[in-house]
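Report on one structure; see the data block that follows.
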């Protein structure tokens, strides 16, 4: 019924394309007029548009003229004219939607249209790419158009200093990676000086490969962190013990067989000890002297040992060298499961990275304490408007809309797509599958057809490479180990008879041109003569025809990915811009997708029905594969949604802290803020010892005196005051305490320079807030990792998390207030020169900070990547009273810890 309705009235996508086609006609009608303009007249259009925007004209009204201007500038500077479908793509992006455009349709050129239009407001436009190479390339390619029209272009890459970053962000249009933009946001919210902040407002962002960034990267929050205690000995110990544990296979779990030591869940990438395994590891730990004879792993004080054990168990049973990671320069480098790229700098969390370092015998780096973090979901929601481009988003349209509010519009191709997609072939074993792939490659290259083989792991690419070498078939391997050669290998992948093996779509972002990349060939020549260029072009035309006649680029997939979208990305490398092309996937029943997610009974039936070397290729198996992929996609969507629901709690708190922190940073005088905090602190302190509305017998004036002396350096005999004045009531005493705290601070600062006092107050506020926020993030991490246990008590973990996270946040804010007032009371205020010197030291330390992007492994891990050395603490103050640590006995004599007595929260 739905198909019938769509045939009559068209789909929503068709209706949208039809509607915006009218705007495209308007743009086309302006082309003859704009062609007549001189260069100066065309350039002057930019200022004209800016003036009109400043007077209140909407960007939508300007769109036809602005797009016509950019199209004309493209023709004059790059000899590139925007096609009508590219204009449609530009309109989609301007409207804050996702444009799905096939490979080779010119997404980089499309972005110039909405980028120019939205830059006219003066609020800046950010264009996000997946790596530094593409950010630099796209900025350089399109800068001629922007600069011709009077707009400035900046690029943000990893090696820029703060001043260079600030200049790039100040440009009208700024290119960069999602990691760099996100880390700069976090660093700006750690700055102690406005001059150290580099970003301005987040106005409009265009995200290239939006599916990769907003979906594949959604489980990997950005985290800035500092090193914690060294625990390498414990990781080395458990790394030695874990190999003695025996794994229980999946098929043995439901059978009446003798229990083994542990089993794994490959879907969630977790490993679980059995009771036998617990007993075995306890026995080994007692022999090692780590556990006492009467001790056990279930004891609360052994929770850290369980942390090391679990990490090492997962490292040995679930993570494999050359599949999940590689060892490069004596470091563990994670391999992105979606792209096959090596990701230097990223680290797994929850001790997994340290466990793998121990497993591979490389240096174990310390675990880290989170200093600042944010997920990509919540970072991009900070922008006023988000838009995205990709070749494959339609399969993830629901997630993009439900989480980001982004509608996906499929843009028609400029020329009809004529790729031939063959049925999948399914073999009984991996070896039979690879043999069939090699035979297919051999036949195709014999007629001059280039082949791109997509594999799911480095191990698979190397196995296939070995088989091709045995057959003496020349080929290039493109995976995480050859990342540096990526662009040059891809540029020539379209040569007649060339064979290229790429792991999980490494090389995405670079077009494969039939016959090879002509521009790259010409660029490699030194001072070529016109004759040489003409000869190269003639040779390329011949090669191009040979490849087209052979069927175009052939894509071979060595297995299906968990996601249909990744498969479509691989297919999309063929048949660009109306060229011919083919695609075919080879599978085996031992592939991870079918092994983990297809039913065991079905797999056994298929294997029994296949004789050696035989394959299946019919519709039934396609349904099985689609169903398996649907299960995985649904599973991963639930994980991302779950992560977002938990992170939204912290995100609300983050906004409060960062807004308050920015208010401190922007203010030259925080004395009024501190005065309000002193009132809050005095009142809460008073009521800790004198309960509101209580009888005198319940008052603890002696305890209040001790607290005032130890925490605020104030000596008052409150008991004597009360005894001398019978009319002195609760409110009078409270007022007295408040005025005593105010008087003490006024006395301390009355002979000091006002500028020094104001600067020092501000610095103290920022330092104290940062310190408490870091501690709070650590507490939230521990809460997040343990909250699922509440389910055993018939409680909803998410509701419990929200409630306890709020309580932790309230406690943190109260502790912050109390500590900052107490600290200011105890220390000698530094001179203005000392404070400035401390700030300069802090700036230097911040310039050395590194930020890393860790990888989340399962749904129990809400953070990821951590590495970054904590800034050295500056010594800008001197303490007059003794420092009371939070776990020290409270000086009031109650016998409680300070944090549970006078160091506790106040309103």
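Glycine too: its Cβ is placed from the backbone N, Cα and C atoms.
Cross-referencing 511, 527, 562 with the ATP binding residues that Swiss-Prot gives (86, 104, 105, 106, 107, 108) picks out 511. Working note on the binding-site residues 105, 511: by count of other C-beta atoms within 10 Å of each C-beta, 105 ranks first. In the shown protein chains, 17 other C-beta atoms lie within 10 A of the C-beta of residue 108 (ATP binding site). Contacts of residue 106 (ATP binding site) defined by a Cβ separation under 8 A and a same-chain sequence distance of 6+ are given as 83, 86, in order along the sequence. In sequence order, 101, 103, 109, 110 are the same-chain residues whose CB sits within 8 A of the CB centroid of 86, 104, 105, 106, 107, 108, 511, the residues recorded for ATP being left out. The Cβ of residue 104 (ATP binding site) has 21 other Cβ atoms within 10 Å, all protein chains considered. Here residue 107 (ATP binding site) comes close to 89, 99, 101, 208, 389, 391: these same-chain residues lie at least six apart in sequence, with C-beta atoms under 8 angstroms from its C-beta. In the three-state DSSP reading, residue 106 (ATP binding site) counts as coil.
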